[in-house]
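Data first, discussion second: the structure below is written as structure tokens.
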Amino acid sequence: MVALYQLAESGNTYLPPSHNLPLSYTEQIRIAEPAHFSVFRLDEYPGNQAYEANRSDLYKIMLLTKGRSQFHYHEQPFHAVADCLLFLKPVEITSWKNTTAEQEGYYCIFNPSFFAFNAMHLKTLQDNMLFNDPVLRLGPAQAAIFRDLFIKLHQEFNNILQYNTEMLRLYLHIMLIEAGRAYDHQAAQLKASSEAARMAERFQQLLEEEVAKVMQGQVLRMKTVKQLADQLAVHPAYLNTCVKSITGKTPGEFIKSRLRHEALQSQAVH
């Protein structure tokens with residue numbers, strides 16, 4: 001068991017600085033005081049490790065910048081890779097295994113008493129959507145933001161200065177705000193991608209119907225992109241953006257390619 005020590009200025013109990021804390025112990029330590037926070041670097045504890053998590057009162061946030069891990073959360077298996085940000089509720093993580101020898105990144109653990117200034121903050125933490133979807137994949141710019149925040153957390157935690165507790169808590173709140181922004185951005189991108197995929201599918205279905213009419217002589221000529229967009233009740237520019245983002249081709253290129261294919265088939269038959 002790792003010894004605990006008191007911060008005289010705050011009266012809260014903390015774990016010792018991270019260089020004294022083996023990774024495999026982090027889920028087994030019992031904190032005497034209600035407020036708790038700790039942060040450490042993953043590369044301080046190299047090697048493939050597997051352990052059962054049994055802390056019942058700690059929230060966990062991890063930034064993985066190198067390596068791979070797998071874990072069970074809500075009894076479901078998950079995989080974490082480089083540039084992933086993980087949000088784990090108390091109790092819900094039941095096992096963890098590093099699947100690569102080298103692990104780089106940061107990991108912080110805290111309980112609600114440390115995070116919450118008041119009941120509103122506590123509810124914000126408990127209802128936070130990030131802890132319901134544990135793995136957030138980051139782009140390079142997003143990963144850099146969280147790496148800088150974790151570096152500040154790590155430095156502040158290992159330097160016992162005046163207002164240390166307030167700074168740690170502030171960085172933690174900023175991290176959750178930035179994570180919320182990243183989550184919303186990805187959700188918006190996913191929604192846009194889904195809408196684009198549906199529009200591209202509708203366009204291709206309509207195109208097949210119109211090509212069939214041309215080949216069967218029901219109409220004299222193929223409709224233009226604008227006419228097809230009108231049938232789909234969208235602007236031609238929006239149709240172009242959707243179709244190209246999903247297929248890599250513009251609607252006009254699709255029409256030409258499809259008509260060329262039908263013409264070649266017709267020549268082969270005759």
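Cβ coordinates come from backbone N, Cα and C, glycine included.
Any TrEMBL annotation is an automated prediction that lacks curation.
Note that this is a predicted model, so its numbers are computed, not measured.
According to TrEMBL, the protein has these features:
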| type | residues | note |
| --- | --- | --- |
| DOMAIN | 38-160 | domain 'AraC-type arabinose-binding/dimerisation' |
| DOMAIN | 223-256 | domain 'HTH araC/xylS-type' |
Mean predicted confidence [pLDDT] for the domain 'AraC-type arabinose-binding/dimerisation' (38-160): 78
Tally of DSSP helical, extended and coil residues in the domain 'HTH araC/xylS-type' (223-256): 25 helix, 0 strand, 9 coil
